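Record features (TrEMBL):
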BINDING   T117, D170, D198, A199  S-adenosyl-L-methionine binding site
COMPBIAS  140-150  compositional bias 'Polar residues'
COMPBIAS  151-163  compositional bias 'Basic and acidic residues'
REGION    136-163  region 'Disordered'
Amino acid sequence: MAASLRLLVRRLARLSHRSITSAAANVSWRSGCCLGPSSSRCLSDAAEDRSTHFGFETVSEAEKAKRVYKVFENVAQKYDIMNDAMSLGVHRLWKDILLHAMHPQPGARLLDVAGGTGDISFRFLDYVNYQQERQKRRATGSSQSLSWQDISDKYPEEDRPQESRAVVCDINKEMLKVGKQRADSMGIVSGVSWVVGDAEELPFDDDQFDIYTIAFGIRNVTHINQALLEAFRVLKPGGRFMCLEFSKVTNPVLASLYDAYSFQVIPVLGEVIAGDWKSYQYLVESIRKFPDQEEFKGMIEDAGFCCVQYFNFTGGVVALHSGFKL
């Protein structure tokens with residue numbers, strides 16, 4: 001209940017801030033339009049007028065949100081198959097590298113935003129379970145000569161690690177539905193929860209998570225800066241932000257080959273495998289509109305994160321950005 005009230009307050013504050021900004025921007029050319037009884041209607045119209053990009057197309061912010069939702073609603077059932085086809089399976093390696101860089105320990109709490117199909121969260125649970133079993137084996141090996149009472153005294157109940165948990169948060173219900181189906185098929189019955197939520201207005205209290213991940217999702221957010229601020233807010237002090245996203249290829253030869261593959265092959269694969277050319281055309285175009293590695297690093301720092309760095313994979317096809325909330 002308290003979390004819901006705080007979310008409502010933040011939403012009203014954001015709407016108020018945007019309304020004031022819009023009014024200030026439009027007052028010079030809408031002579032008195034934002035004065036009087038019709039002011040709220042005028043501000044609403046101004047919000048509709050704010051433009052952004054949807055791939056290479058310019059649309060209103062409201063229209064982009066609707067279209068992006070529709071894209072992922074359309075591709076949800078074939079999402080994993082298409083990821084394999086589009087990346088020739090390399091996306092699995094990129095995600096594995098993300099987990100090794102994260103190196104989560106037992107008891108860690110993960111928030112995986114735009115993680116509908118559960119790829120990162122399932123890897124996270126596997127990783128921490130392996131770490132926990134490894135720690136148990138080490139403890140057993142070093143305690144061979146101890147009595148049961150000695151072992152009990154050495155490892156009191158309150159010092160044992162709490163259960164690690166992953167929260168998958170996605171704005172698209174169809175993507176979450178696919179993730180839940182995958183969890184059921186893999187026999188995962190605990191350790192993960194599924195929440196419908198917007199990356200720009202996360203339905204969580206402050207300082208809740210040890211790790212925040214967003215993999216191949218932040219380029220689809222309308223206001224990236226706001227999503228980064230929300231990531232900072234929900235992380236605990238000392239928490240880590242990690243973003244895996246398509247980026248700018250650094251090698252000119254590879255860049256030419258990558259462009260040819262992206263624009264000439266991927267939409268065709270989308271049509272053949274998923275029956276959806278337009279959605280995959282958008283996904284390709286959205287990659288080209290996303291900030292390059294250095295620009296995105298600056299945006300993360302502006303949101304308040306420290307020790308921000310990035311690593312290029314496959315010549316810059318993908319970059320992993322990381323930062324800490326201190």
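Yeah, the Cβs are placed from backbone N, Cα and C, and that goes for glycine too.
Small disclaimer: the values here were computed from a predicted structure and weren't measured.
Features per TrEMBL, on structure.
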{"residue": "T117", "record": "S-adenosyl-L-methionine binding site", "Cβ within 10 Å": "22"}
{"residue": "D170", "record": "S-adenosyl-L-methionine binding site", "Cβ within 10 Å": "27"}
{"residue": "D198", "record": "S-adenosyl-L-methionine binding site", "Cβ within 10 Å": "19"}
{"residue": "A199", "record": "S-adenosyl-L-methionine binding site", "Cβ within 10 Å": "23"}
Site diameter for S-adenosyl-L-methionine, Å, by largest Cα distance between T117, D170, D198, A199: 16
